[in-house]
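**Q** Below is a structure I'd like to ask you about.
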Amino acid sequence: MARTRSKPKAKATKESTPEPPTSNAKPLLPSTSNPPKLFVLPKDTSKDARIVTLDNPASGVPSRYYFCPDKGVHEFTRIAAPKKACRSWLITPEKSSGSNEEEEEGHDGTGIGSGYVTKAADLFVATPIDLMFLLLPVLAPKNAKETKQHFLALDDHLDNLSSSSRHWKVLLAQHPTLKAMIGKRMGTVCDTVDAGDETMYRLSHGKLLAMLLKKAERMCKNGLPQSMEEKFVKTALEVPVMNIKREESTLSVVSDTPSMPTEDSQVSVSTPSTSVESQLSTTTSMDSQTSTETAATSVSSTEEIVSKPALQTPPEVPHLLRLRTAFTYLLCSYVPQTLRPSLQELLKSSTTPSFTLLDMHLSAIAKLRAEAMALRSISDNISRKRVLEEDEEKMAEREEKKRKKEEDEKKKKTESRGIKQLKKADTSGMKKLSAFFAKAPKKG
Amino acid sequence: MLEARLEQANLLKKVVDAIKDLVQDCNFDCNDSGIALQAMDNSHVALVSMMLKSDAFSPYRCDRNIALGINLGSLTKVLRAAQSDDTLTLKAEDAPDVVNLVFETSDSDRVSEYDIKLMDIDQEHLGIPETDYAATIAMPAAEFQRICRDLSALSESVSIECTKEGVKFSCQGDIGSGSVQLRSHSAVDKPEESIEIDLTEPVSLTFSLKYLVNFCKASGLSSQVKLCLSSEVPLLVEYGLQNNSYLRFYLAPKIGDEE
């Protein structure tokens, strides 16, 4: 409200009562080059806690971490409002001790003065990260070729660490407890040998894999985040719906095809002792939608065959897929690139848990999809109008085209008379205005 | 958040009427200095540039720069629902989907409210430099409109020739030719009828009459129109509004083929 310009017109001010006068307008200060940022930091950290720059284990890019000698290392996640939604933070110093429930208002208002409005509504949240991940870059071989790894004493590893980053050096020097912490975490992913009174460490891929799987297990215990679940689990496990309508005898060739490959897929999938069944004749609840759809299109007495989810998802498959998704996520975001291929290999051959069932199921689905695709191209030729259920992508594309066309037509219709008249104007010899005026830089 | 109140809905009605026959959709760029619009016609030979300064509104409030992409046809339909002397209030959120228009009769007995859906318009903006024109002619808007209308009956294009004798609009068509010559004179009692010619060097340029007739739809906005010419540069036709606001049209000259 404060920025309203009320014009000193007697009549206007009389009517616009809701606007407060802005006589006390102060000139705004220029924006600072280093605006305050908002952090959500863990509670009760020691006063030695600080923000440090360490190499990101996955990418090797220097990144900011929050280090507390008592609570360990935290990584920062930036939470930002979507670009279209314009949001700002209003930061004010705490007025009374009672009003500090809003954490984003900052832990201390010093230096903020009477308040500050940040331009971007970014919020940085510190969440704990296992120290082990930060150690991985020094434990991992420097390049893929170097396969032979030696046992090294803890101090040698620490030397490597401090030579990799200046901040590590400072941290190690300042906090003697850190060394013990590192040693403990290293023990969880390394093979150790005792040489005299010293313990030597070497990265063990098996141990690392077990550790990652444990973390992945924990990650999917409460369900994956929705977007992840949607993208990697739900869509991956979608079984194409085979829905072919028999209209006349000429089409029988087509309608026969789906049943045959379904049998095929049954053979390939049923090897493990699971409840994979192919359903040739049963109609489950899932296809009620499809059958109504076909019913709507077929007015005449046509016989229809609905061969339904050709494949049923075994109960343990979603969990396995979730686990693997979580594992892949951990691998991509926290594990150095050099370690990834060997860990993937190891995971494939691991027996606890075994992913063979999942792989088989996925390949069966892929096969079904390919068949559905092939089938569709045939049925597309027969009747363009009928679009199969799983054809959503193509359907959307077509709809988009249609919509565009309609829009253009509509636009033409709504064109005013003047514009139509101008189209007839003879513009020969007239240059476009962009030949005279330069294009202005685009405003955000 | 944008909130802008116009004492007279008529102003926006006339502005939109004047440009809706030149462009279909355009962005109304709102910032704290006012509401601006720049758009080119379909063939990109004419450009309209409007500026309604914040002083033209009372009150005016705009917290963030907002581009309101509006179909002018739709806007015309809604503005038709307003009487000329209604007050008009434009409102929009910071990242709006709609623009809200409220019309109030002067006694505030009747309040009508409309929302227009906005569209995303990808428009290129041209930077128009300040130009010192060789000739500037200020004349009654109605006179300019009459000349354009009369001459457009004969021909597609008009040549505007400005010398120290005065300004001459002439055309040649299939049925014959015609010309109108004006001399500068100042009418003391009726300043809106005076003709002023400010000339640094003589110019002669040819323009499409269809476009000029189209520009003249803005004649109701202002009693006087200003024509600015320089050779090899687009013609500027300016209708001044209150509070330094303006509606300007630019038109590329016809070069070559004729004469």
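Sequential numbering from 1, following the chain as shown.
Backbone N, Cα and C define each Cβ position, glycine as well.
Feature list, courtesy of TrEMBL:
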COMPBIAS  A:1-11  compositional bias 'Basic residues'
COMPBIAS  A:22-35  compositional bias 'Polar residues'
COMPBIAS  A:250-264  compositional bias 'Polar residues'
COMPBIAS  A:265-304  compositional bias 'Low complexity'
COMPBIAS  A:395-426  compositional bias 'Basic and acidic residues'
DOMAIN    A:40-130  domain 'Rnh202 triple barrel'
DOMAIN    A:133-343  domain 'Ribonuclease H2 subunit B wHTH'
REGION    A:1-41  region 'Disordered'
REGION    A:250-311  region 'Disordered'
REGION    A:390-428  region 'Disordered'
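So that I understand the layout, could you describe where these features sit and how close they are to other parts?
**A** Per DSSP, the secondary structure of the compositional bias 'Basic and acidic residues' (A:395-426) breaks down as 28 helix, 0 strand, 4 coil.
Averaged over the domain 'Rnh202 triple barrel' (A:40-130), the predicted model reaches a pLDDT of 74.
For the region 'Disordered' (A:390-428), the residues of the chain that approach it from at least six positions outside its boundaries are 238, 240-241, 369, 372, 376, judged by C-beta separation under 8 angstroms.
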